[in-house]
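Some features that Swiss-Prot has for this protein:
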- 98-118: region 'Disordered' (REGION)
- 146-221: domain 'Carrier' (DOMAIN)
- 675-874: region 'Beta-ketoacyl reductase' (REGION)
- 1119-1657: domain 'Ketosynthase family 3 (KS3)' (DOMAIN)
- Cys1305: active site, for beta-ketoacyl synthase activity (ACT_SITE)
- His1542: active site, for beta-ketoacyl synthase activity (ACT_SITE)
- His1583: active site, for beta-ketoacyl synthase activity (ACT_SITE)
- 1774-1776, Tyr1800, Ser1810, 1819-1829, 1843-1846, 1873-1875: acetyl-CoA binding site (BINDING)
- Asp1774, Val1775, Glu1776, Ser1874, His1875: Mg(2+) binding site (BINDING)
Amino acid sequence: MAMKPEVEQELAHVLLTELLAYQFASPVRWIETQDVFLKDFNTERVVEIGPSPTLAGMAQRTIKNKYESYDAALSLQRQVLCYSKDAKEIYYTPDPADLAPVEEPNAEEQTGAAATPAAAAAPAAAAAAPAAPAARPVAELPDEAVKASLLLHVLVAQKLKKSLEQVPMSKTIKDLVGGKSTVQNEILGDLGKEFGSTPEKPEETPLEELAETFQDTFAGSLGKQSSSLISRLMSSKMPGGFTITVARKYLQTRWGLGSGRQDSVLLIALTNEPASRLGGEADAKSFLDSMAQKYASISGVDLSSASAGASAGAGAGGAGGATIDAAAFEELTKDQKVMARQQLEVLARYLKMDLNGGEKKFLQEKNTVAELQSQLDYLNNELGEYFIQGISTSFSRKKARVFDSSWNWAKQALLTLYFQIIHGVLKNVDREVVTEAINIMNRSNETLIKFMEYHISHCDENNGENYKLAKTLGHQLIENCKQVLDMDPVYKDISKPTGPKTNIDKNGNIKYSEEPRAAVRKLSQYVQEMALGGPLTKESQPTIQEDLTRVYKAINAQAAEHNISDSTKLEFEKLYGELLKFLETSNEIDASATTRLAGVVDDDLDKDSTKEVASLPNKSEISKNVSSIIPRETVPFLHLKKKLPSCEWAYDRQLSTLFLDGLEKAAINGVTFKDKYVLITGAGAGSIGAEVLQGLVQGGAKVIVTTSRFSKKVTDYYQSIYAQYGAKGSTLVVVPFNQGSKQDVEALIDFIYDDEKNGGLGWDLDAVIPFAAIPENGIELDKIDSKSEFAHRIMLTNILRMLGSVKKQKSARGIETRPAQVILPLSPNHGTFGGDGMYSESKLSLETLFNRWHSESWSNQLTICGAIIGWTRGTGLMNANNIIAEGIEKMGVRTFSQKEMAFNLLGLLIPEVVNLCQRSPVMADLNGGLQFLTDLKEFTGKLRGELTETSEIRKAVSIETALEHKTVAGANADAAFAQVEVQPRANIQLEFPTLKPYETVKKIGSPDLEGLLDLEKVIVVTGFSEVGPWGSSRTRGEMEAFGEFSLEGCVEMSWIMGLIKYHNGNLKGRPYTGWVDSKTNEPVDDKDIKAKDESHVLEHSGIRLIEPELFNSYNPEKKQMIQEVVIEEDLEPFEASKETAEQFKHEHGDKVDIFEIPETGEFSVRLLKGATLYIPKALRFDRLVAGQIPTGWNAKTYGISDDTISQVDPITLFVLVSVIEAFIASGITDPYEMYKYVHVSEVGNCSGSGMGGVSALRGMFKDRYKDQPVQNDILQESFINTMSAWVNMLLISSSGPIKTPVGACATAVESLDIGVETILSGKAKICIVGGYDDFQEEGSYEFGNMNATSNSLDEFDHGRTPAEMSRPATTTRNGFMEAQGAGIQVIMNADLALKMGVPIYGILALTATATDKIGRSVPAPGKGILTTAREHHGNLKFPTPLLDIKYRKRQLKNREAQIKQWVETELEMLKYEAEGIPAEDQETFYAERTEEIKREATRQLKSAQAQWGSEFYKNDPRIAPLRGALATYGLTIDDLGVASFHGTSTKANDKNESATINEMMKHLGRSEGNPVLGVFQKYLTGHPKGAAGAWMMNGALQILNSGIVPGNRNADNVDKLLQQFEYILYPSRSLKTDGIKAVSVTSFGFGQKGAQAVAVHPDFLYAAVDEATYNAYVAKVTAREKAAYKYFHNGMIHNTLFVSKEHAPYSDELEQPVYLDPLARVSSDKKTGALVFNGKGIQSSSQFVSEENRKTATIVSELAKKTAGTDASGVGVDVELIKSINVENDTFIERNFTEAEIAYCKKQPSVQSSFAGTWSAKEAVFKSLGVKSQGGGASLKDIEITREAGKGPEVVLHGAAKEAATKANVKNVKVSISHDDFQSVAVAVSEK
């Protein structure tokens, strides 16, 4: 077992303490030390290595005080230095300024004649280039022919893509190419083409010698190859018209260079080729100037004289040249201009053209434009800029978002709730849980109930209190859902009403909060509070005394009117008098109290009880309506008004009774809005409208909501509302809308009413809630501006327009009996607040609709309900007033939370109020009594002033107190109490799987699994990695699971993208270790990286707009094509080389003329009429988005060399990085380590690709066709198997199987299948599998032509961002999103994985591929993979016992007994086989034969394990492959928790794949209500084709190890078509489960490729091994994890994650012997530590016959000898399989072994092997006694095997065994024991 972390930490602490103690306790003796090196050794240079000059300072003081005169006498000059500040002096680094030559610049040089030194910078430095001479040419230098050495040097450097300085002439070509034979052949071919014949083996000759050899026969001129390269350089990188002739002329006139020297300059230019075509002639000349200077420095030529001559000439010309007067020149050329003009006019008249037509048209247009501009200016001045900009249209039908998949969100909400309880996030049933229960009930259906029943029935209460709570709540919720199954959904809010609270702390900070109201704990009580009103809303209430007086007067009046008898009057008078007397004398009754009655009901929802959930479906009877407690002469806080004849609105008790009673019903039992169609505007986040929206969708309404800020963030907000609250039958539509635009208003209503076939919704509105508004704060009467007018338009004009449009649509459709109820947003603010522009006027003007409803003709289409909205806290308009709300309430006014006001407004939609509105307009006062508060403005100002004053006083007191405290106690008095914040540090983990305690593992898997499986037939994934749009598998996993990067994720992404790098050394003169910014070299702390880089990382990762710099400048908006054109006129001539000119002639024949240019030897080429040209053109391509690797990703960051990067296709780099990261994830830091465990032939590579090296293919076809430079070996990089070849050549050096699948988009899963088959067949034990593909414009264009990919322009039109264009399983999915990258897994058999101690991420239980049916469409999706569920059901009554793991285990036990018997028999028979063997060979014979028997027994056992463990279902028609694969590990189809979908976001695939998975589950009998969780990874990554399945498998393995199932975050609305697939759930957010047992991965590729893989949690493998094996494995994995962690972080720091191998693990001499010995293994070289093959171990017999087996052979040979003698009367042989001894069975151990035996066995390294050996000995002893057996269950405790130090095992008999031996005359029993990791063998001999 591994050492526990606590113990390690304790030991480290002790060690550190001891080291420090030793250091402090030991004397330093520094003075003596100084004397030694200063005096004894006379040291002159002292260097301190450390962070600061501590010792150096002491040494300097010592020298000055003690050795100054001593040094003077000896002439010693000492130097004391410190590494941290004197690095330059220590390393003798000169200052760059000192190296610069000191020259006296002349006047010409000071004006800019110096040439730019660097070719690469030439274009940028064009401005600084020397001006061309204006006068005579420069003096020519003596010409010199080009030298063979320069020509050779350039050709080699150019081919290697290096500068001349990087190619030393002392090296050979073979050395320079670094083993790249293809490049070497190219260079030799170029040399042959250039120089003719070449000497023998030129590649092995140093370039210096080779140049001398060439010089002997060299003619001194450029050859074919160099001329061709120069010609290509000029044509591809120089500006148009800048030909070789022009260049040579410039070099001759500017620098005085002859043709030979010009050749040399042009040759040098080949190794400094510009990256792109130069912009103009000045750039080209600057480039040539820099090349000339470079040539001068190489050849030693001085160009300054030429430069000076040119400058002098220019100066002379400028000073003494002839000049001409401008007027004279004009006079000279006047006649020429007149004649030219006359000729032009003659031609114009002939062609009937008006030369001044354009000018005339321009003047007309100018006038028109001026007139239009005048109108615009007028409108701008009149309406204002804000108004004009504000009325712009934003509505678009295409951008409408429709949310209606409540059926899916219900299951997701249930699972979220379930797992939150399981994980302890929710520990009791509070109001949040009850609210969620209501939402679930509102979505209740049969499928949902089955879903709940399954999960609750499988919730084991024994797992803890959380599971118990989940089960209890679940049962109640199920019953609730059953009860409301046929009921309509209801809006029911059970949240606690809150009130405002403003506090000012001691430091003067004003803090506002919402706190529950003490007496109002639920909405039913809230309604009561509203009905009662407050002191401010009531008139003075009568006392009891006053009421009695009124009653007395009323009775007297009645008596007088009805002639009541006097006796009755007297009796009444008497009673009344007694009552008054009683009240006067009573001390208990207060006659002055009011007669108002009120009651408060306790809140039973505050209790932690699940009973509330159980009571939810019950419709409570309201015995006493709230209206009964409305006090007389009191106006409720909420009430309805009626219109008086005076046209004023007054409180109406009867109407208010209806309203409040309806509100009470809604609060207690809820209210439904089913089949209601509602339009709501102004429902942004934090508004009243948003709360109203929640209530509407919760009640089942169909709602269209508008937003003026349409964006992904906004639509996600509304989607989250629907996902949480949307009830069955509800719909939410979100559209962009500007209520200030008339066009938008009309378009919106048209959209609502248009038929669906016309792109509309086909709705008829039942309610309109136009709440849109904008604030106008601070605008008084004299400041009414453009914004105020626009606000008025929004809040009044366009509301009227909107209502008019609704009326128009209803009338057009003849809708007269279904009026839409309009909830008008009125306000109590009738100028009361002031300073709010035209807000009050807008609200007041809406009230005219109450009259117009009667006076106009639209009462059958619209009803009016005005809502005077009171003080609502927290909204955008009132947020600033929150702090004074508490003060307002103290005055008797009731302010409202947003939820309360939303509840009030939704109460206006109840049937009672709707019916009232249909009779007459209704005015609802929801003001809370605010209208009764006079001088509101003054009062609010006073409240705010008091708060401000109190705050400022407390602030001042706080500051004064702090100053006083510091003065008294000191400035640092609080230092001890200061809060210390621990800053986070990034700690990137490799995420090795968590290994549970063995006891936990055994509980997870079936106990019968142990020993059942042949682990060599179990394939596991031990490492995985990827390179993709989100970086590595770690960073992609973070983004997929959590939707954001952690600190570690940001650090890794920043490193990947080259934003940061690691620094260790001096930085700005001080030592620094840590991250630095790659651009600025400034230090960056870990904690700051996320804040600094995250926005850049997110912008340049994932799915995004195509970045041209990543794809050879490919810009889809300017995709280049070529078109063939036949020219109709002769073209102007251009210049080309002779070779090129002849090629033109060869192609065009007589359609081209070519002539040599004598001066340069170049040719003039002229294309004639009829010649054919291919002319480039650009088109706008509509696929603008793709999943791209992070910008800045560079293989060099990982350690891949520049040579490799320049040589291979980019996809190969992705693969190399992925492979090395997969090995690191496997804990393998040196790939050669594999050969310690397997032969080189047993490591295979089965990875593949859909297209392979597309960049190479592009080079082969497109670039080669365009005659652009392309490496000659480009062909090899295009092969799909080349990537695997590079992996082997640079990393692995294996000789195992290589299989390269090509399965289009299913390649990676096909690779898995091939890899698994390769290992199972025995051809390999370790395989690299996976897939990879690139993204390039060619593939993108062709996918677009197939309409397979997402149309970016169409997506933009629909308002989608690039990140959401891949939307699998959604209603709006519209094509897949291409991506690029690689994904790799390392797989091996489980036996090897356990032995190596590599991490196991998952078991590959099933891999399969399948084709589809007859068809004519290659990409058409099919269901062939459904065959993995093929299973015959028929009418069979009984299931096959093979699926019973206990049955299979029993069969295996029987077979093990047979194998045991066979081994014993074979061992006994060896004595007969050995009879003919010479004595000297007998030992070898027994060793080899016993090894053979053991191996055969092992084979038989493994065959039996395969038969009963993992292959029992194969070819059995009753067991589907999928069912059998799961049953192997004791799992059923119900245990398949997750299905990772291919999910490409195409209409066809997502439906077909869902149907396939659903039918699989259904056919195999998956339980109803148990859907698999669907994972759709491509929403995040896009579709990388070949890598798709690999990324999905990586994600599946992460799911198994984390239990987190990622959601499809782009699934805004799941397609209704998918609702029919009841066995699939489509989550949109991640779910943290309590564990996933198995995951299915499906993949579909163009070309009839379907594939599936199932990964099972590794715990089910661990359950199949014994405890000792598991614990040993845990220790190995722990060690590997530490080593891998260290290697990974060192690799990041030093950019050495990838270290390519320079040599194979064997020498050339050992290559063939290693290949031919399957038992050859590597070992560590004693000198270098490298893992290499040693010749001594090859073909060694010790590799075959193990040392353990030799002991067995000795025992068996001794047995043969003893049985051949006469002294042996009894012999017993027993063989036991190690695994067959169950050491965990305490009963078995205690019954058969003595305490001494048990103690001995438990001390041994392998406890199970020791027990097995002892048991074998006991059995052998029993057999040797020759007595009758007492049965298989008899105890063997009486036979004791003792062991003494230095002695072998001895037999001690007790009890019955001793008696039996005595009866059989046995005097002594000897026994020998041998065991290995497979079996134990014991031989016992009884002596008589």
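Glycine residues also receive a Cβ, built from the backbone N, Cα and C atoms like all the rest.
Taking the features listed in Swiss-Prot, we show where each one sits on the structure.
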residue	record	DSSP (3 states)
His1542	active site, for beta-ketoacyl synthase activity	coil
His1583	active site, for beta-ketoacyl synthase activity	strand
Val1775	Mg(2+) binding site	strand
Tyr1800	acetyl-CoA binding site	helix
Ala1820	acetyl-CoA binding site	helix
Ala1845	acetyl-CoA binding site	coil
Ser1874	acetyl-CoA binding site	strand
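Among the recorded positions Cys1305, His1542, His1583, Val1775, His1875, the ones whose Cα is located within 10 Å of the Cα of Ala1820 (acetyl-CoA binding site) are Val1775. Distance between Cα atoms for Ser1874 (acetyl-CoA binding site) and Val1775 (Mg(2+) binding site): 10 Å, as a whole number. Ala1845 (acetyl-CoA binding site) sits 66 Å from Cys1305 (active site, for beta-ketoacyl synthase activity), taking the CA atoms of both as reference points. The record gives Asp1774, Val1775, Glu1776, Ser1874, His1875 for Mg(2+). Within 8 Å of the mean position of their Cβ atoms, the other Cβ atoms in that chain belong to Thr1752, Ala1812, Gly1813, Ser1816, Ile1873, Gln1879, Ser1880, Val1881, Ala1882. Distance from the CA of His1542 (active site, for beta-ketoacyl synthase activity) to the CA of Asp1774 (acetyl-CoA binding site) is 55 Å. Within 10 Å of His1542 (active site, for beta-ketoacyl synthase activity), counting CA to CA, the recorded positions Cys1305, His1583, Val1775, His1875 contribute Cys1305, His1583. Each of the recorded positions His1542, Lys1823, His1875 was scored by how many other Cβ atoms lie within 10 Å of its Cβ, and the smallest score goes to Lys1823. The DSSP breakdown of the domain 'Carrier' (146-221), given as helix, strand and coil counts, is 50 helix, 2 strand, 24 coil. Long-range C-beta contacts of Tyr1800 (acetyl-CoA binding site), restricted to its own chain and to partners at least six residues apart, with a cutoff below 8 Å, comprise Ser1810, Thr1814, Arg1843. Across the domain 'Ketosynthase family 3 (KS3)' (1119-1657), the prediction's mean pLDDT works out to 93. Packing around Glu1776 (Mg(2+) binding site) is summarised by its Cβ count: 27 other Cβ atoms lie within 10 angstroms of its Cβ, all protein chains included.
Cα distances from His1875 (Mg(2+) binding site) to the recorded positions Cys1305, His1583, Gly1826 are smallest for Gly1826. It is 68 Å from the Cα atom of Lys1823 (acetyl-CoA binding site) to that of His1583 (active site, for beta-ketoacyl synthase activity).
Here the CA atom of Glu1776 (Mg(2+) binding site) lies 51 Å from the CA atom of Cys1305 (active site, for beta-ketoacyl synthase activity). Its own atom aside, the Cβ of Val1775 (Mg(2+) binding site) has 26 Cβ atoms within 10 angstroms in the protein chains shown. Neighbour density at the Cβ, taken as the number of other Cβ atoms within 10 Å, is lowest among the recorded positions Cys1305, Ala1845 for Ala1845.
Of all Cβ atoms in the shown protein chains, 29 besides its own fall within 10 Å of the Cβ of His1583 (active site, for beta-ketoacyl synthase activity). On the backbone, the CA of His1583 (active site, for beta-ketoacyl synthase activity) and the CA of Glu1776 (Mg(2+) binding site) stand 54 Å apart. Each residue contributes its Cα atom, and for Glu1776 (Mg(2+) binding site) and Gly1826 (acetyl-CoA binding site) those atoms are 20 Å apart. One residue stands out among the binding-site residues Asp1774, Ser1874 for having the most other Cβ atoms within 10 Å of its Cβ: Asp1774.
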